[in-house]
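Taken from Swiss-Prot, the feature compositional bias 'Basic and acidic residues' covers 404-423, 445-465, 555-573. Under the heading compositional bias 'Polar residues', Swiss-Prot lists 424-439. The compositional bias 'Acidic residues' feature in Swiss-Prot is assigned to 623-643. As annotated by Swiss-Prot, region 'Disordered' applies to 404-473, 555-647. Annotated transmembrane segment per Swiss-Prot: 34-54, 76-96, 120-140, 156-176, 187-207, 655-675, 715-735, in sequence order.
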Amino acid sequence: MKLFKNWSDVNNVKQRQLLLAYFRFILKQIVKSWLLWVTAGLVLFLLALVLLIIPAFTKQDPLFLWSHPVVQMSSLIIPFIALFATIITFQVFINGYYNGLEILLITRFFTRGRLFFARLAVLFIWITGTAFLSGLFVSLTATLGATSQTVTDLVLSVFFGVLLLSLLFSCVLIIIAQFLNRTQSMLLLLLGVSLASFTTVILAFSIKPPSENLRDNGYQPLNLSLISKSKSKSVENVFTIIDSSNVSDPRNKKKSIVKTNPQAIWDEYGESSFFQSQYYWNVGYWINSLFRLNSLSDYRNFDVNLYFLNTKLNFDREVDTDKMVDFVSFRDQRHLYFLSYSFFINTHNLPTQPLPRILTYDNNGAFLEKIVPSFDDIKLDPPRVKKVYKFFSDTIIQSFRDYEAEEKERQEKEEKEKAEKDNGNGQDSNKVNSVSTEPNNKNSSDADSKDNNDSSDSQGKDSSKSKPKFRPRLPQFFDRVSINYSKFSSSFNTQLKHIHQGLSTRDEAMEIFKDKVALFYALSMAYDNFTFQKDSGIIDNTSLNKFKTEFNKKQKELTEKNKQKQDGKDQKSQRMTQGADKAVTVEPKAMQSEIGMTDQTNDQSSSETKDSMDSSDSSDTVDNTDESEDKQSEEEEKFDEEIENAKKMPKAEDAFFNTASIWLSSPFLFFENGAKREQRYEIHLLNSNTQVNNEIIKTNSFYYVSGEPIVGQEVIIAMVLVVTLGLLVGSFFAYQKRDIK
């Protein structure tokens, strides 16, 4: 049977009018079908929900949600595309078979071939229009901050995905409708498509990913993202590190694995995962991949800690993180509504101690709504850097002045109280001395003589003990040149909130986060200026130079004051030592002569015994004095050593950067009373795993890792087209041979 009998009849005006009339009739029937509008609207609504509504409310990157390797958002839309294809196929191809219209048309007007292609044209026009509207909806994601290139890829992916899959499902339905009724055909198609589209998600919960296979064999993969020092808007490729680690499982300890080449490790243990091999028969992944073309594809958005398909990892070359990056993002958790970012600060332009090396933007509590910044939120923003740094520097110097004024007032108060106390002690001492010089009773001369000898001995022993310690309180000496952090933090936070007043709590939290990141960049420039005398041309160092000048001036004043106090203490200590030695040698002789005049009845043996005791006490005093001198010498050496170390400290820089470090790492809390629960937003730039991440960064190597598709996207699209055309031919022959009731 020829496709068109009497082809020349097509040129006949009557035949042409009949074809056009039938074409318009089918279009009108479709337009009047409210069910078809509902299903098409559902497809558009789901696209808007995933790519517009959810990102707008959650402040998440729509492209990140769409290209997630496990939670494939297109899986939610594909079943509704199948439903849309089912409804329109019923309206165009199937319903006429049941209402008797088809037998009328075939027997009196057209051949089945003409009828099939006329209906196919209507089907294609309607599906193309729906695909165009879907792409138009998706193009609105550009208003949410997505780059033009990624939006273009997303629009084309959605357009071709809706178009090809709708045609594919329609052809499948035409074929199976030859054997089943409408209800059975629809249920079979929808059930099969739903199971296929969610195959990847289902397998993700039942099969070990390659990363777990690596861990079982003693290797820990970490996935990183970076922002390069080029300060461009583009985000570089993914970094990955393979870290050889101890295996806690006794079964795995038996395996002696010694490998240093990350490519060999991944090839042996990563790609051997069953999840990788099931890619070849995972039909759901093939149809889902139509919605993630070019920059959205898996081989450009892979994460070694998650499941990914159709991707071969290539460890290209080692990366010098100190020279290449400002931030490296540890993607610890990459789920739909629970994301956590950490940022590694390189050490080549920041002091190791004053500033934290790990920065995190996190919201405490998994049950709370997350605020996750996009990469553009942590880019260098010169106007913001300049503004935040000026506020910070001005607040630093004002806090320093306030603190010094408070310290001066406190010291004056302490000196006044000490003077009053010394005056009171002096009066009490005079009273005691006047009482002790009164004449003693002659009958108690022996007892008094013994007491005087004992007191002179104890005075000689205690003279060294009463000497003030040579080393002063160095922490007090140096720490007084400091900043009152509590007042600084309160003042600085107030200024920042005043700048962002009028915003919602959520937006204010995001702005404060950007301010913290801007301050990080400013501190990096300030450190370059401090250390290398490099002017960035962005920040103004006027306030910082004032702070440094005042800081060093105050430190010099305290140094001179401390030196004067120390010299006075040394002189006083020397006078006390000389007076104590004189008392030890003179007083016993005077007392003995007085005792000899008053009591001449003492025998010679008692005198010799007493002399021997005095000699023994004198030797003990000398020993104690030598010991105290040794201790004093040690104290002097320690003090000199501490002074030398203190001179090497960049004191102004320490105060400045330490204050900045505390503020960067301190949490910034925001509370918002919502309709259902209180929302809490916490902004801080310090990760609890700082030490762990520092060790990872210090002891392991980083590599450029690129993804290479196992099967190219062009091949995938070509295969889907071939399958669709094959099913189209099959549906044509099935339609030709269908019995008419």
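Start at 1 and count along the chain as shown; that gives each residue its number.
Backbone N, Cα and C atoms are what each Cβ position is placed from, and that goes for glycine too.
Below 8 A, the CB atoms of the transmembrane segment (187-207) and the transmembrane segment (120-140) form no more than two pairs separated by six or more positions in the chain, fewer than 3 in all. Where the transmembrane segment (120-140) meets the stretches 34-54, 76-96, 156-176, 715-735, the count of C-beta pairs under 8 angstroms peaks at 156-176.
Between the transmembrane segment (76-96) and the listed ranges 34-54, 156-176, 715-735, the one holding the most Cβ pairs under 8 Å is 156-176. In the compositional bias 'Basic and acidic residues' (404-423), helix, strand and coil residues by DSSP number 20 helix, 0 strand, 0 coil.
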